[in-house]
Amino acid sequence: MSLPTPSSSNSTTGGFSIPQPGASLLLSFSFRPSPYSQPAPFFILGSGPLAAQRAFAAIEANASVVVLGKGNLKTVCEELRWRVNHGQVSWVDLDQFSDIAHDTELVNPDLVDTSALDKYFSGLPPSVSPKFLCITDTLLSATTRRSRASALSIHTLCHSRNINVNTTDHPDLCDFSFATTYRFPDPPVSSAHLPTNGGALQIAITTNGQGCRLAGRIKREIVTRLPRDVGKAVGNVGKMRALAKERDRNAEQISPSILGFSSPSATEDSEELDPCADTDTAPTPNSPVPQRPGRTNSIQENGLSPDGETTADRTRRRMKWVAQISEYWPLEKLAAMTEKDMKGYLEDEGAETETKAEVDPSITPMETHLSCMATTKPQLPPFSVPLPPPTSIHSIFPSLPNPIKPGQILLIGSGPGHPSLLTIAAHRALTELADIVLADKLVPAAVLALIPSRVEVVIAKKFPGNADRAQQEMMERALKEARKGRCVVRLKQGDPAIYGRFGEEVLYFRNPPPLSPSTITTTPAVDYPPLPPTLVIPGVSSALAAPTMFDIPCTQRGASTSFLITTPVGKGGKMLEMPKYERARTVVVLMGVARLGSVVKTLIGPRKDAGDYPPYLPIAIIERASMPDQRVVESTLEDIEHAMESAEVGAQRPPGMMVIGWSVSALWGDGNVDVLNEGDDGEGGTSGKRASENIGILLEASKTIEGEFWEKNEKEMKQSEGTKIGNSEDVRRVRNWLGDGVRWRVREGLASTWDMFNINSK
């Protein structure tokens, strides 16, 4: 499924999005009681089926519901009458609070209920003073409908008492509205000891009054497209969050002050430790943290583990792990987690795998592997020339392995994300050859979905602070499974040779450590023969594919003659030096978005060994390239941090990467491919007298442009004396690319034409 068309948006002159009136502020409101206050009841005026619907929704939100009507319960709809009789809803007869004769001609009938409500509300204690009133008997299709004059009178009364009102079919008399909602039900419980999620996942759709019936249809479309067990996935993540906090809080001899809380009650205020709390402005789950030095889970009396990690640090680390699991793992895997699995992931011990289906224990892994390869025939489109025979060294189909040989390790790149960008070799390895797949966390769910259900799938626990340990675990697991005779696919994102640590794995598998006595389970011990060489299958690198998805060339005649791939993250999380600025070069930065601030400071700050990067140099941050929700944020080095923090961009969508250089703007609009003109000095575009003359022209023009960006560059140009920072033509190029006074642009979505290349999962 892809978004219908890629969309784009721009910032305003001041650098912030232009508000578009007409939207609703969507809030999730709960009436759960707290230790500090008791929520006021939810009042509903009316006694028909719509009132019953509103009452049910409020009850599910833990509200105490009071239905206001006239007459006895015989006039109430069947559902409300049942809920009143079973104590779920309170009933108030407004006739008891009306002291005006209904047949008196001097009385305005539109004011009768207003007077009764005023008297009833006045008699309520302050603790249950109403905050919400829903008027349901103004429904257009109702046989007996409240008049607009009466609804307006009640609305006026409520406003005088600071009561929020919803009036059905009168949008102008509404302070709040009800969205079309769906609550995912509890999943079936296969055994009594398994917890349920309590229906935690809800979705809400609103058309802001433009099409209520259409909102219901859109809701159905969304629900049917989500996995059936998505509600269970939400419940499991919630339980994992609780486990991440609970273990340290309940540790013996650990005081609240060690945990970072002033008192036991203050533990409820620890959401700042939770990067996956319900908010649109959550920090990136990729925030750097120190690598863990040891393998221990014990807590000492001073609150420190033997590896020097405080209890509060452990809790923060676990919460980051939960955030990463929520971001990267397939929903199906999240739904399949058991409590044992959760504890194992959080503690870096215990359960490490999640099997998509059990393999028949009577069949050995090698027999399964050979059977699969023998019965599976290559399915390829016809070619105009015959393919080489399978025995040829040029064949794309590997020959059947010799049954007497041990298993095989295939180290595979999965490409940028879209399943159609897998190589033929990678696709066959995943769908036909693999007995077990050891995948990095960045491999998207769409690729994992191609793996048959018979294949065991393990996802690396490369969470913040645990990358080195998780890497070692995956290598040990691959070696262990290969020695059993299984075909092991080590699956990595992009190309394994581009910051994929494939070199470490190739060397490890080439010279594996000897088997320890504890790992030998057969009697007598089996003398395993050496493993065959690891087969490395290249993948389409995201460093090249991601910019291409947004028409950003890494090299372009007239804009960039070379490109460089780098990262600011070294071994153990150490910050590395960034390359010096070269005008004709595109710099691709991987694994650096979480350190955007320090990267930008390094590039445009003072340097002893090289000239500064121009602050107006184009930069693009590309996220989730080739996936339906792919996005690019285009700006300048000077403003990219502001862009990523803006409401327009919102939360990050990892994985992300940076592209820096003039190639970012090269293909926008009519093109900008004259950056490297003949006679270019390689530093600032033009030099000498011509650059000095252009400065004066630009300074005059920039006086009409508002915004911090242009004012700052005007000041810099006055100080530049014709250097590259003050190059008038370059600043003019940036202005033409982004727009006058515009500081960033956001484009997102995958073109629907990519649906032609969708691959069905098995």
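In case you wondered, yes, glycine gets a Cβ from its N, Cα and C as well.
For the domain 'Siroheme synthase central' (199-223), the list of distant contacts is 22-24, 26, 28, 171, 177, 179-186, 230-231, 234-235, 238: same-chain residues at least six beyond its ends, Cβ to Cβ under 8 Å. What TrEMBL records for 199-223 is domain 'Siroheme synthase central'.
The feature region 'Disordered' is assigned by TrEMBL to 244-316.
Per TrEMBL, the feature compositional bias 'Polar residues' maps to 252-267 (among others).
Under the heading compositional bias 'Acidic residues', TrEMBL lists 268-277.
As annotated by TrEMBL, compositional bias 'Polar residues' applies to 294-303 (among others).
If you look up TrEMBL, you'll see 313-347 marked as domain 'Siroheme biosynthesis protein Met8 C-terminal'. For the domain 'Siroheme biosynthesis protein Met8 C-terminal' (313-347), the model gives a mean pLDDT of 83.
TrEMBL lists 409-640 with the feature domain 'Tetrapyrrole methylase'.
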**Message:** When secondary structure is assigned with DSSP, how many helix, strand and coil residues does the domain 'Siroheme biosynthesis protein Met8 C-terminal' (313-347) contain?
**Reply:** 31 helix, 0 strand, 4 coil
**Message:** Within the domain 'Siroheme synthase central' (199-223), count helix residues (DSSP H, G, I), strand residues (E, B) and coil residues, in that order.
**Reply:** 12 helix, 4 strand, 9 coil
